[in-house]
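Please see the structure below; I have some questions.
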């Protein structure tokens, strides 16, 4: 690209769990790169989505929802989210219009007051409220701190997201193109495969199971005869009872997880996939630093 006024920068998306951060980024990217579910703490790692046009490259960093951690994995997730404040050029503080400001938001606001970059308040899920309520919601948040801009959106419906992109572009300085124009994320395919499998477990299971699992993609090879991509993945659980839930009666659940995940993986890779999944028990892995690092949650990466 030869544009003397090409703009670029890194934009962190911060907020409590389930305010729509991943939904927004997937909408902007035009395809799924961050998994979504109705479970809190669905996003565990920082996910970078790369939005490129002729005039700009915006690298979005979708962070884990900020919450009060209850184990070492939770500590990792919160540390990962806050570490983006040291790396970004702009912060999007996303809140849900249909939920009142909570102690969680107040905690984030106190951190954001110390930020040395512009902070934009993004009021998401405006499709769920009456328009008359919007002024009241914005007034409540702006009474807590000064934001450089306020942009109401509906990430699910795409309302006002273009305006938010334009606002971000105005805040960014001229800069280089960090990634090739056809690259939409910095994560390797194996990570995305693991996340798509984990998403289906989040959708299909309940209670403690969704938060107690990790997924690793152990092997990805192409079968030269069939052209299919052979993927071997391991689902890690903390208890024998959880393994039984993941497997299901007669293997029904593990087959359902595999079928749903394979569909998304094939769309992402653009190839037919043979997916083989195994279930392994690792007692209390969420509180073991070595296990966390093995499964891709290394806290030292964000210190």
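The backbone N, Cα and C atoms fix where each Cβ goes, and this holds for glycine too.
According to Swiss-Prot, the record shows the following:
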type    : residues              : note
DOMAIN  : 7-174                 : domain 'Era-type G'
REGION  : 15-22                 : region 'G1'
BINDING : 15-22, 62-66, 124-127 : GTP binding site
REGION  : 41-45                 : region 'G2'
REGION  : 62-65                 : region 'G3'
REGION  : 124-127               : region 'G4'
DOMAIN  : 205-283               : domain 'KH type-2'
By Cβ count within 10 Å, point out the most packed of the binding-site residues listed: 18, 63.
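Comparing the binding-site residues 18, 63, the most crowded Cβ belongs to 63.
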For residue 15 (GTP binding site), just count the other CB atoms lying within 10 A of its CB, please.
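Result for residue 15 (GTP binding site): 23 neighbouring Cβ atoms inside 10 Å.
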At 10 angstroms around each C-beta, which of the binding-site residues 21, 126 has the fewest other C-beta atoms nearby?
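Output over binding-site residues 21, 126: least Cβ neighbours within 10 Å is 126.
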How many helix, strand and coil residues does the region 'G4' (124-127) contain under DSSP?
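Within the region 'G4' (124-127) the tally stands at 2 helix, 1 strand, 1 coil.
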Per DSSP, what is the residue count of the region 'G1' (15-22) in each of helix, strand and coil?
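So the region 'G1' (15-22) is made up of 2 helix, 0 strand, 6 coil.
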